[in-house]
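Peer 1: First the structure, which I've put down as structure tokens, then a few questions once you've had a look.
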């Protein structure tokens, strides 16, 4: 049954990935799918910037521009950033806590396939009569009026992929609570594990409001409901609240794991213990907590009244405090450290000023009275791109370079990596810095063109040039990936030489059982402690024995496929009467597979001691 | 995870476990009686026509909250050791739900 080190045909590899429940392979699936959606969202961004490069342009106008703009935001948040964060979590967290897999491997695969089919469904809209066009926030007053099926694709696609995210979040919570190796207390967990833990808790509490909002929207759009229609006694503001009760924590769901990635990188490449570990943990939890009390700062101009605006303004500004704690801790980690400027470290260092700028404009936006000026202008666009790109995307790129050898067993080229970094860094600031001023000069968001003579021409042209720098950086990254996959040098277990956490103690890529023997964790930075005491490996916490593994299964794929079919069926039920039966058939496929999963006993299999010994000996030689 | 007091080898510390179980049983019986009593009061509050709904609705909601606490702490053993993480998440969920409802009550349907 073991699949250790065996050459396989293409079909067998595809089948292996379709049925896998191994967290490391699911990480690769998330990385590939999220990467493809990232490219799609990037192309959409380029189209937007080309359209805005000169005044009175007619490259993509009106409705098509709205669709591209909506899909850029939706794709980047839900289909690129989220899965790439999950890719990092899946690749690293179980190994960092000394576990052999996540708590529910089957659910892990189900979470991925739900996200994937939800994303594919959403993007099918391009070929089936037009994409959603009411912005990524899809405010009900606008989206209920949208003709065609664009918004239906948005509602059903996000619902399906949202289930996947919720499942993934719960899975990581349970994994971190119950599957830590002996000695891995909460206050010895690496910071990436901590941020994953808090981000998963945020997913647990933030996604249900989105689910509720999407269900209400689905009722209104497809089944004659009136939740958001004021003419029929509904209230359009309810959508805005539900969306932002989800939407604000979502920002922290994305950025906290990025903070975790940077914390690992700063410590590793400064060759120092992370400064202020316990205050970092405290700040992470506090950001997660405060993240739920600030959502209405997205709605200052919706007419909440001065009391509500003041409360949400102050709560928002309070978040600057724990974030500031983190920034200073990173600076002090580098202070006096033995710094190596590798590619991940470059991203980490560049992240600090970039993210601080996003934070400062965030506090500016939080001042409710001033926000009446900034609202719906390019100032806001500049702000959130500084936070999301300068924080999350830098974090993901840093993490991808940092853990690439762990995931694929090959080092990415440092030379090409640094080219990517500089192109991306320069392009990013070129694109978005000038947008602050465009916003202050009055340029509105989401509008597909502008007239000449308002002083916006130069700024927009610079911004477009910057976007092409970022596109070039992405192409260099892809070349880097292809080149290293073909002829990269094999990575050691401790690929960077200064690894501190448990993932650097196992082979690159790790064997499917991760640890031949569950390790005993004797402090923060468990692997570093062992290295400093002159040991080669980890102190085992158990004798070598047979390892129990879960069986692969195609059911997660089929469950998700059923929902994908059902979504099409229910979407077209008003035009075609037979369509309802397609929807019911899809649900039957999903429920039938769930039934099969429940009644078929699946006890998994064992990897025997002898096979493990053989594999471990080979790993040492390689 | 910490050892649950109601699991593990029953032959260990038999005397202690006997005493502990007896105590648990006493708590459960007491809370069960109290819960029946609270339910009777709730029925009475709704049925008695001298009470206006402005009193009886908040009153039975309060009784419901007490019942939920009894249920969680005495019947589902949340008072025992090893339930710290579930209770943190429970209270976090209650907090978020409360915040949402509170916001809707004050600034959406004011």
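Each Cβ is built from the backbone N, Cα and C atoms, and glycine gets one as well.
Sharing the features that TrEMBL gives for it:
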- A:9-522: domain 'Cytochrome oxidase subunit I profile' (DOMAIN)
- A:68-93: transmembrane segment (TRANSMEM)
- A:105-128: transmembrane segment (TRANSMEM)
- A:153-179: transmembrane segment (TRANSMEM)
- A:191-218: transmembrane segment (TRANSMEM)
- A:238-262: transmembrane segment (TRANSMEM)
- A:274-295: transmembrane segment (TRANSMEM)
- A:307-332: transmembrane segment (TRANSMEM)
- A:384-404: transmembrane segment (TRANSMEM)
- A:416-441: transmembrane segment (TRANSMEM)
- A:461-483: transmembrane segment (TRANSMEM)
- A:554-572: transmembrane segment (TRANSMEM)
- A:578-600: transmembrane segment (TRANSMEM)
Peer 1: I'm a bit unsure how to read this: which one of A:274-295, A:384-404, A:416-441 has the highest number of Cβ pairs shorter than 8 Å with the transmembrane segment (A:238-262)?
Peer 2: A:384-404
Peer 1: Can you give me the average pLDDT across the domain 'Cytochrome oxidase subunit I profile' (A:9-522), rounded to a whole number?
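Peer 2: Average per-residue pLDDT within the domain 'Cytochrome oxidase subunit I profile' (A:9-522): 95.
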Peer 1: Does the transmembrane segment (A:384-404) come near the transmembrane segment (A:153-179), with 3+ Cβ pairs under 8 Å (pairs 6 or more apart)?
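Peer 2: In this chain the transmembrane segment (A:384-404) does not contact the transmembrane segment (A:153-179) - fewer than 3 Cβ pairs sit under 8 Å.
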Peer 1: Are there residues at least six beyond either end of the transmembrane segment (A:307-332) with Cβ under 8 Å to its Cβ atoms? List them, or say none.
Peer 2: 259, 262-263, 266, 274-276, 279-280, 282-284, 286-287, 290-291, 293-297, 300, 348, 352, 355-356, 359, 362-363, 366-368
Peer 1: For the transmembrane segment (A:554-572), what are the same-chain contacts with Cβ under 8 Å, counting residues 6+ beyond its ends?
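Peer 2: For the transmembrane segment (A:554-572), the far contacts come to 18-19, 21, 106, 109-110, 112-114, 116-118, 120-121, 149, 152-153, 156-157, 159-160, 163-164, 222, 579-594, 596-597.
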